[in-house]
Amino acid sequence: MAFIKEESEDMKIEEVFSLKQEDTEEQTDLMTLKEESEELNETKEKDHHDFIPGDKSFSCSQSENSSRKSALKTGTKSYLTCFQCGKSFSQHEKFQVHMRIHTRGKPYAHPQCGTIFDQDGNLKVHVRMHTGKSPFICLQCGNGFTQKRSLNRHMRIHTREKPYKCPQCGKSFDSHANLKIHMISHAGQKPYTCPHCGKGFNKKGHFEDHIRIHTRQSPFICQQCGNGFTQKGSLNRHMRIHNGARPHKCHQCGKCFSQHGNLEVHMRLHTGEKPYICQECGKSFNRKGNLNYHMKIHTGEKAFTCKLCGISFALNGGLNRHMRIHNKEKPYTCPHCGKGFYQHGNLKIHMRIHSGEKPYTCPHCGKSFNQKGHFEDHIRIHTGEKLYTCLQCGRSFNRKGRFEDHIRIHTGEKPFTCQQCGKSFNQKGILNRHRRTHI
């Protein structure tokens, strides 16, 4: 039998723009089946596991067997030809996998969730998602994966390898699938639409993650603490809290992070990039969350109020941190001196006293600071900028602390009280000077 050359099953990048949704799914199935057929030797499945009774694609099994026998006698290599598209295969297993493209036969179903698969090996991989079994472990960061190819893709995070490049914008990706999805963004296609809110998505995974927001489904459970997550990636990131893994390292200062997104935000400290700009006042930020918080200054929105003292906060996190003051809870303790703090960020700043670290350096005079707030206050000395203006008398200040001290002159508030004589003051510095009179 003449050898019929297999055509490449990989989809060309340019073809993304002309694909309909169903064509995209079929091409994705083709790529997946190709990868699965290459891994059949690893799963070591026997022929009878893949045989589907009554499947029309295997009706000529007797002629296949006779062709194999004749091949053994003559010493020639046997080829199995697909009668629907004419492709030929030298291995029966690959022929069976290929035939499912035409028949779309998916005989393997998971008994718990009902998801169906066209191969027993894929079902076994899926079962690991329910059991939490991850036999393929990254030796660099300890993350586990249910599939070997998932580990291989993950390793590109450490090696920073991005072999797949977009021909339109030049952006590179660590997997061909991500490049294909990116190309759809150029075409403006969003084939997945949420039936609840109408939002469109160009990635099936993002669409499925979004649906769980409406259904409140959290199928990914942490085996150590029981927390549930709507996305597997969120569970993987959460697990780094338990195992302490920080695989993402800054190559400029050596600082490590558990999430790649946090590393990207950290890099903006070195580059000075602030991509998030306030449309009201023009102030820019290196984090979107900081911009959102800043916008509430303009709107005056403070929806979260302390029931004990009445102080309101723009964010729920601010209220939660404030409540530790009432509860006298200081969960973050310095390992060097034992001092406790309400917030983890305050502990990090305190640790710089012991380490001597001063990451914020003035570009005008070279002076360094261990706190960002002190650094920003110092910069305003050079620029002459005074952000804080008193609405009662019009006086302006370049430091928030001085502005707050000034406001108390108008309000008459004296929150700093001497514990020995009971006298109160409107500034902490004045209280400290007063205490020396008792010594």
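Placed from the backbone N, Cα and C atoms, the Cβ positions cover glycine too.
Summarising the annotation, TrEMBL assigns region 'Disordered' to 35-67. The compositional bias 'Basic and acidic residues' annotation in TrEMBL covers 41-53. Residues or ranges marked as compositional bias 'Polar residues' by TrEMBL: 58-67. Annotation comment: TrEMBL describes 80-107, 108-135, 136-163, 164-191, 192-219, 220-247, 248-275, 276-303, 304-331, 360-387, 388-415, 416-439 (among others) as domain 'C2H2-type'.
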Query = Taking the domain 'C2H2-type' (220-247) as the reference, which of 136-163, 276-303, 304-331, 388-415, 416-439 gives the largest number of Cβ pairs under 8 angstroms?
reply = 136-163
Request  = Mind checking which residues of the chain, 6+ beyond the ends of the domain 'C2H2-type' (388-415), have their Cβ under 8 Å from one of its Cβ atoms?
outcome  = 373, 377, 380-381, 424-427
Ask   = In the same chain, who gets a Cβ under 8 Å from the domain 'C2H2-type' (136-163) while lying at least 6 residues past its ends?
value = 35, 39, 42, 125, 128-129, 172-175, 236, 239, 243, 245-248, 260
